[in-house]
Amino acid sequence: MNFGLFCFNISIANIIELIVVDLKRLQVQARDGPSDPNALAKWRILNRLHDRNETMYYKVLIANIEEYAPVVYTPTVGLVCQNYSGLFRRPRGMYFSAEDRGEMMSMVYNWPAEQVDMIVVTDGSRVLGLGDLGVHGIGIAIGKLDLYVAAAGINPQRVLPVMIDVGTNNGKLLKDPLYLGLQQHRLDGDDYVAVVDEFMEAVFTRWPNVIVQFEDFQSKWAFKLLQRYRNTYRMFNDDVQGTAGVAIAGLLGAVRAQGRPMIDFPKQKIVVAGAGSAGIGVLNAARKTMARMLGNNEIAYESAKSQFWVVDAKGLITEGRENIDPDALPFARNLKEMDRQGLREGASLVEVVKQVKPDVLLGLSAVGGLFSKEVLEALKDSTSTRPAIFAMSNPTKNAECTPEVAFSILGDNIIFASGSPFRDVDLGNGRIGHCNQGNNMYLFPGIGLGTLLSGSRVISDGMLQAAAERLAAYMSDDEVIQGIIFPSISRIRDITQEVAAAVIKEAVEEDLAEGHNGMDARELRKLSQVN
């Protein structure tokens, strides 16, 4: 009896403190973050807490968001997805498989929630930079929705992680007796599209106001599905559009860090390493941003593409490339122009950096260490007063370079950002090399929340652009001059609120807003943007 009374007398704050103490016992900081075994151990403890007491789980996460976001999300979520069959203890979310064709409409009514606000769906075909992980990719959907709850305040009873299991082409998983998914090669072509079509029709039939975030679909399908659904359903692709928005915010921040107005962005020379869904998404968004600043007409749009040099696994992409990816074609450089620059089709990244002397070196390649010493040495000749290096690939091991390497080679007069968290670099004599984390979590919770509250029937380019520009303007001038272009994760709730407000305002201006929870579009127009 006394023990029971003792338990009831412990405050929530005390319980959170006890849980955090347990987690800290496992925390071993390596040079670039928690070591893998300890990161997984911390994830397991948090996951068990989630199973036992969802309310307490989110209280712990919200109270310690800067510390535990990297555990429930990148970089640890990549490790979780790689080992998901061995970590699996309790199902979370819904699984729609290729064998469920014809049954999905009835399946969605098995989910107990009468209303779902947010769905994150994946087919596991391109999890972070780790390749095809099949149904193990559900881990990324779960982690993203944890951040919707923690950052945007979405009701955890109204979020739904989804796996569309159409098989896997991962040979190891096809032979693994413990693999949880369909052990067959992936569906393709019309059969694949039919499965995703059926899923989308089913969830929007039951929950007409739901927002669906597509996550970690391979490049082959990411753009096609986005174009297929975006004008019909409330959906967006975070790898294409979220990554692009965060990158745009960082690129605009880099211009500010040079002491120039953001309107000078169209003058930036940008070398992009990587032409997958994330790379092409950033290129398209950056081109539209430049065009808008140049007058937002066809001439401006055509002019803007000349600021980009795209390098993939085969080297510089030019019009001389055979079987060029249609999505990359608009950014293929003219051969005659490249001859004048001393470049050719397939030129290496080092050659391109040497000849172009870019303002920005942007990595979305998923190739760890791609920005080698030779590449960074070549960047010393940049025409920029303060060149920017964006090593954006996740998880940590796939980052194109570490901040230590970048600052050691180029000195402290650079801007550095990465997709996964790294520690700032002590440069001596009181100088700090700031490592900015250009993480999608700065945007997707605000995009989702703003869309939900506005009642917009679609998520427009303008709404996404407004989100990116608000993030770019979030930092003070003093912070930006110090090289800090992205805020601390500890401020994520405030950031999300401001991004959501910008999304709502743009939805109203585009006459897309239909209101939410009794607030109609006229009332939304009366609301002022959050200061």
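Cβ atoms are placed via backbone N, Cα and C, with glycine included.
According to TrEMBL, the feature domain 'Malic enzyme N-terminal' maps to 50-230. Mean predicted confidence for the domain 'Malic enzyme N-terminal' (50-230): the pLDDT average there is 94.
As annotated by TrEMBL, active site, proton donor applies to Y73. In the structure as shown, the Cβ atom of Y73 (active site, proton donor) sits within 10 Å of 25 other Cβ atoms.
N394 ((S)-malate binding site): 25 other CB atoms within 10 A of its CB, across all protein chains. The feature (S)-malate binding site is assigned by TrEMBL to R126, N394, N439.
Among the features that TrEMBL reports, active site, proton acceptor is placed at K144.
Summarising the annotation, TrEMBL assigns divalent metal cation binding site to E215, D216, D239. For D239 (divalent metal cation binding site), the same-chain residues 6+ apart in sequence whose C-beta sits under 8 angstroms from its C-beta are R126, F214, E215, D216, F217, A222, S277, A278, G281.
What TrEMBL lists as domain 'Malic enzyme NAD-binding' is 240-508.
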Are there any residues in the same chain, six or more apart in sequence, whose C-beta is under 8 angstroms from the C-beta of K144 (active site, proton acceptor), and if so which?
Y73, V120, P161, Q213, E215, D238, F444
Give the sequence-ordered set of same-chain residues, not counting E215, D216, D239, with Cβ within 8 Å of the centre of the Cβ atoms defining the divalent metal cation site.
T122, R126, V127, I140, F214, F217, A222, N237, D238
Identify, in sequence order, the residues in the chain of N439 ((S)-malate binding site) that are 6 or more apart from it along the sequence and have a CB within less than 8 Å of its CB; answer 'none' if there are none.
Y73, T74, V246, G419, S420, P421, F486, I489
Please give me the CB contact count at 10 A for D216 (divalent metal cation binding site), counting all chains in the structure.
26
